[in-house]
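As written in TrEMBL, here are the features:
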{"type": "TRANSMEM", "residues": "14-32", "note": "transmembrane segment"}
{"type": "DOMAIN", "residues": "34-154", "note": "domain 'Piezo transmembrane helical unit'"}
{"type": "TRANSMEM", "residues": "39-66", "note": "transmembrane segment"}
{"type": "TRANSMEM", "residues": "78-96", "note": "transmembrane segment"}
{"type": "REGION", "residues": "155-180", "note": "region 'Disordered'"}
{"type": "DOMAIN", "residues": "289-526", "note": "domain 'Piezo THU9 and anchor'"}
{"type": "TRANSMEM", "residues": "291-314", "note": "transmembrane segment"}
{"type": "TRANSMEM", "residues": "334-353", "note": "transmembrane segment"}
{"type": "TRANSMEM", "residues": "362-384", "note": "transmembrane segment"}
{"type": "TRANSMEM", "residues": "396-416", "note": "transmembrane segment"}
{"type": "TRANSMEM", "residues": "428-444", "note": "transmembrane segment"}
{"type": "TRANSMEM", "residues": "464-483", "note": "transmembrane segment"}
{"type": "TRANSMEM", "residues": "504-528", "note": "transmembrane segment"}
{"type": "DOMAIN", "residues": "641-803", "note": "domain 'Piezo non-specific cation channel cap'"}
{"type": "TRANSMEM", "residues": "716-739", "note": "transmembrane segment"}
Amino acid sequence: RMFHDDELEESEKFYVGQPRVLLLIYALYNTLVARSEMVCYFVIILNHMISASMITLVLPILIFLWAMLSVPRPSKRFWMTAIVYTEVAIVIKYFFQFGFFPWNKHVDYTKDKPYHPPNIIGIEKKEGYVHYDLVQLLALFFHRSILKCHGLWDEDEKGDSSSNKEDTDDELSLTGGRRDSSASLKSVNLAASVESIHVHFPEQQTAIRRKSSSSISQLSHRSSFSSHRSKRDIFKNINHTTLSLYFLQCKLCAIKSHCGLCCFRTLQVYMPIRQFFYNLIHPDYSAVTDVYVLMFLADTVDFIIIVFGFWAFGKHSAAADITSSLSEDQVPEAFLVMVLIQFGTMVVDRALYLKKTVMGKVIFQVILVFGIHFWMFFILPGVTERKFSQNTVAQLWYFVKCVYFGLSAYQIRCGYPTRVLGNFLTKSYNYVNLFLFQGFRLVPFLTELRAVMDWVWTDTTLSLSSWICVEDIYAHIFILKCWRESEKRYPQPRGQKKKKVVKYGMGGMIIVLLICIVWFPLLFMSLIKSVAGITNKPLDVSITITLGGYQPIFTMSAQQNQLKSLDPNEFNEFLRSYRGNTAALQFLEGYAREDITRADLEGNSNSLWTISPPSRKKMIQGLQDFEADFTLVISWTIQRTLEEVYPYYIKAPSDSLAKPIKQLLKDCKWENITVSLVKNASEEWWVLNQLGKRQKTPQESLELFIFSDKVSPPSLGFLAGYGIMGLYASVVLVIGKFVREFFSGISHSIMFEELPNVDRILKLCTDIFLVRETGELELEEDLYAKLIFLYRSPETMIKWTREK
């Protein structure tokens, strides 16, 4: 009861007794206070996404290249820079809202132009021009108040003034001498405040020295610390002395010449930046962490956004569909460029992670930050011809990329892990990790690409084939370990039959899956048009008639109002006319009323009959030959009945070949038409008339019924285009091959599948990874040879995998 306080106890009881909603509000507020600096970052990035101008571009770049790289937290100078810059930006935007500026007189005309200078700079006149800047300023002042409340606002000045004393007081720090109690208490409270408020990943609090794998030795922590500290202090003293002499020389030159003054001013800017990045790459201590998985997930999300929203990165592709584009064997340029760039950055990031080079990561971070901001806010608006603030997909992609930048900055600040052992999915042995790991291995070429990249950028004595062998053995043993752990958690007593839940659950699911795979093409092709099919009505129906290979005598087309749908009465009458015809009724079952179109074609040809005199003479001679296949009566008006030549009913399938419907033609005979030649002065044309029309019209005309097959939706057209046989050949047979291998290859893998205890083999694989990371390459060869011998010796494998 030494620290017992009645008021604190009463206060705790009071807060515990509050409603859950109020407790949730308290928790959210405390989270906001603890992460106030992240709130500032979020508001600054959001302001830039909405405004997308050169004025708002400065702070996001400073966040990723200054604030997030500062150890242990951003300095007071950064926050003052952000506050002052925001205030100046608000004043500048307010000043340029007056209407006497020339560009403010045609705001409606220039507001959507991405390369209009006021839009690029951010001084255009608009409603709510300063709302997000005020929210940003409010967030910055809120964070400033939190820092002042915890005594961290003026910490940088105190730290700078006392840093020299701490550096020169090596004797006291190394021999364990103590400072006065007040100073010690102050440092303890300061450390507690830092950890409780500003550490973003509290589960990794152990701070260790960043070392290369070759520097591992048997020395104690105190001796290694002392030697490293001494070397660093010597370098600091030499560096500080050199810089002081150089600055003194530049001051003397500045007094004598203007060039020397410029050189001195440049050094005043350059040297602090250089020192900042040097301290970042060569820190005294770093809380080593590993956020590569989170960076990879952020890149993966960006990759998915590119695949499904590639149209947002092109000029005239707002209505494009990646599925339809790929089904037409067309690869959009915007899609290709974005995918290659995103994939290339993921490969480079993996290489830096494996090499554990912080300097390379810093350079890559600087290049990416400047490159992506320049591309997103200066190049992309010109390509898409719309402002960044109007491109929702690009905004989403940029926000996820900002998350990646933040994680990269945190990785740089904390340093890469000294050892990278195995896949991140293999850290525990449960069903979630098992299925995620197997799904990871099912992605085409991902496992192979990862294995080859790891071999290229990791120091090892193994060949590529041996490396892949170890990776395959490790993956196989991990899967077995997960199954053995699940058997321990859910044991099956001996002599007890399997439960019906397991049999019908797992077995029933497999049965249904296999049946669906076998009958998938028939079911898919049946439902794709009957359920999800779209009516494909004709837009143009044309008729052309030619006699004996001469110039066409009749050409006519029906469009728009000449193409009519049947009303319910006409459709019912149409069905009743075929009541006794079984073949016709069976055909009509697949068509609804909206699938039938009646085309009314004008009887008069829409073009004059232009035939040369010799051809005309030969045609007349052919018509006068009554023993030919067709005969006509020649007169001033040539009229002749053409029997069974006109297809009254036409089927328009999904492909381009239209066919007559023989089931609906009476006795499979086509309709009769009359053909007449009309001559007027020096012009002549042909007139056709159908004899047996449903719509009795006095003028000469042709009537045609078109039955349109439903077509698959555009999103599934690439799959439906294969047809039933194509789906069987490309889907069912391929899946059947893999299923057959699973059921027929079990006997060959019993020796490697039925291992009761795989802990020793798993430890051997882990030892190979460990000695490789520590640089013991000879030991790596020995352990690999031991692993290969184990798989070559069945007797040794039995001994190694017995239950303990």
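Each Cβ is built from the backbone N, Cα and C atoms, and glycine gets one as well.
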**Report entry** Recorded stretch that, among 78-96, 334-353, 396-416, has the most CB pairs under 8 Å to the transmembrane segment (362-384)
**Finding:** 396-416
**Report entry** Residues from the same chain, set at least six apart from the ends of the transmembrane segment (428-444), whose C-beta lies under 8 A from its own
**Finding:** 475, 478-479, 481-483, 485-486
Report summary line: DSSP tally for the domain 'Piezo transmembrane helical unit' (34-154), helix/strand/coil in that order, comes to 82 helix, 0 strand, 39 coil
Query raised in the report: So what pLDDT does the domain 'Piezo THU9 and anchor' (289-526) average out to?
Result: 84
